[in-house]
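Notes to accompany the following structure.
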Amino acid sequence: MASHITKRLPSAQTLKARTTTLKAWELPKQPSALAPDHIRTNVDMDPTPPEQQTWSLWTWMAYWATDMINLGTWETASSIIAVGLTWREAIPIMAVGTMCVAIPVVLNGAIGAHLHIPFSIIVRSGFGYYFAYFCIASRSILAMFWLGIQSYNGALAMTVMLSAIWPSYANMPDTIGKETQGISTQGMISYTLFWLIQLPLLLIHPTRLRWLFIVKLIVAPITAIATMAWCVHKAGSSGDLFNQTPSVSGSSYAFLWLSCMSSVTGTWATLAVNMPDFTRYARSGRGQYIQLPFLPIIFTVCGVIGVVTTSASIVIYNEGPLWNPLDICKHWLDEGHGGRAAAFFAALSWYIAQVGTNITANSISAANDLTVLFPRYVNIKRGCIIAAFVGGWVIVPWKILSSAETFLAFMGGYAVFLAPMAGIIAADYWIIKRRHLDIPALYNPHGRYRYWFGVNPHGLIAFVLAVAPNLPGLAHAINPKGTHVSAGVLNLYSFDWLYGFVVSIFIYTTLGMIWPLKASLVSETVWGLDIIEGRGSGSEGDDNGDEEKRGGTAGSKMAGEERGSKGTSIM
């Protein structure tokens, strides 16, 4: 066992080289299944081989239960109620908002399930080989920022666990200075421990995540339901929160409703773009369709549990609504040994929930993008490590959460850019390309998806026209005092995600109909190599069947490149 570990560790000579030269960090040049020989790539960018296609229908259900049952979802209803609406509006807002994002999640997820390639390769069809890098870089940076912010929120669970074991930890003196640094000594210790324990879990390969999903699928719902049941029993009722009435009416009510719905949708806007990073591991093309009903159901149920628990907490503690379940756990610490034990295990469950969300929504997404941006140096494992360090320490998440309100407003408003990306990818595949892509050409910078200097003019125009009208609203959200805009602009921005998604689809489709880029169109899917032929045999959910795949694989890799090279003209 020791010799096996030693073989996997870098030698002293390698470590010395890596501290003195960048070249020592280069990955061995791997022969790509599809990319031309002169293009640097790595195996993590290639189509997922059949033996790694392990995700089933149950995996998808566990995936979303893992992703959505977390502190953020629990607190979603609080943000809706805090702006003047009530639980009567919060519940349908959560259901409708999640349904809106479930549609592009399924549409774009089906691409990965069919072709078994990641988002960072698929996006080249709609945006062009080089313009796609803008989408990839944007998605990667956003994922790393949210990884850090979610880690800091998860550290609160670590604080409760440590306080349950050592009560004196809750009263630790602050030698760092939270008011100036944004984090206390206690907070830094909790955050460091959270990050260190989380790091090896982030390195789990996507094909082996099912076990983490199963664990979270068991512990998180049990903890959430048990917390709600205890609070309702202790309070003797569900509290008075259910008797509230909206504080707004008329058009203000309507636009506030839309704004809250867009916020819910924007929460998952990133996964609407890069869902193929996960569906590429699907065993069946049909299994991922369970996401359409399951997303709004699980999100709404978790939100309802949060509303009921919070309402009962007002009666129990008489100190205002406790929207964060960890705040309730802190009160349990004063209930003796039994209360401390309950607080520890509840906080442990929420810890697992936060780590699961970080893996599924942030770490793997960033790693996939980094493999395409820096294929010479980064594979998925290295990408996860880079994301963990950048998101966890470089961006200093505790300072962002404590002071950078304008930055958080920008991050929340980034759906302005993500919605058109999701719309263009979906429209390109389903409407313009009619589910037929030349896969080898997606890996070829001189292939048919080069378009005009690496930019698809349809994608550029649709993206700009979908984004531009919402930029004034985004500027106002970032700097309300220094930016003066009309009420109409603010009303439009209130449903920015829905607007961007629908408008981008309409513009991209219209351009494709009146100005077809014929060189980018193929009559059937071109798979490009014989080893993928095994996918067609008995593959569920592929409407094109074995005949298409044999037709696509009959040509050699070189033939695929020759077909792709004809696409250098945008006409």
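Glycine is no exception: its Cβ is also placed from the backbone N, Cα and C atoms.
Bear in mind that TrEMBL entries carry predicted annotations, made automatically and left uncurated.
Annotated features in TrEMBL:
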- 537-571: region 'Disordered' (REGION)
- 90-111: transmembrane segment (TRANSMEM)
- 117-136: transmembrane segment (TRANSMEM)
- 143-166: transmembrane segment (TRANSMEM)
- 186-204: transmembrane segment (TRANSMEM)
- 211-232: transmembrane segment (TRANSMEM)
- 252-273: transmembrane segment (TRANSMEM)
- 294-317: transmembrane segment (TRANSMEM)
- 341-361: transmembrane segment (TRANSMEM)
- 382-401: transmembrane segment (TRANSMEM)
- 407-431: transmembrane segment (TRANSMEM)
- 451-471: transmembrane segment (TRANSMEM)
- 497-517: transmembrane segment (TRANSMEM)
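Sequence-remote contacts of a segment are chain residues at least 6 beyond its ends whose Cβ falls under 8 Å from one of its Cβ atoms, and for the transmembrane segment (117-136) they are 45-48, 108, 111, 273-277, 280, 368-369, 371-373, 421, 424-425, 427-429, 433, 437, 439, 442-445, 447, 449-456, 458-460, 463, 508, 520. As a quick check, the transmembrane segment (90-111) and the transmembrane segment (497-517) clear the bar of 3 or more Cβ pairs under 8 A, pairs 6 or more apart, so the two touch. Segment contact is absent for the transmembrane segment (186-204) and the transmembrane segment (451-471), given fewer than three CB pairs below 8 angstroms at sequence separation of 6 or more. When Cβ distances are compared across the two stretches, the transmembrane segment (497-517) makes no contact with the transmembrane segment (341-361), since fewer than 3 pairs at least 6 residues apart fall below 8 angstroms. Counting Cβ pairs under 8 Å to the transmembrane segment (382-401), the stretch among 143-166, 211-232, 252-273, 294-317, 341-361 with the most such contacts is 143-166. Highest Cβ pair count under 8 Å relative to the transmembrane segment (143-166), across stretches 252-273, 294-317, 341-361: 341-361.
When Cβ-Cβ distances below 8 Å are used as the criterion, the transmembrane segment (294-317) is approached by residues 60-61, 64-65, 68-69, 73-78, 81, 87, 90-91, 94-96, 98-99, 101-102, 105, 224-225, 227-228, 231-232, 234-242, 264, 268, 323, 325, 327-328, 331 of the same chain, each at least six residues removed from its ends.
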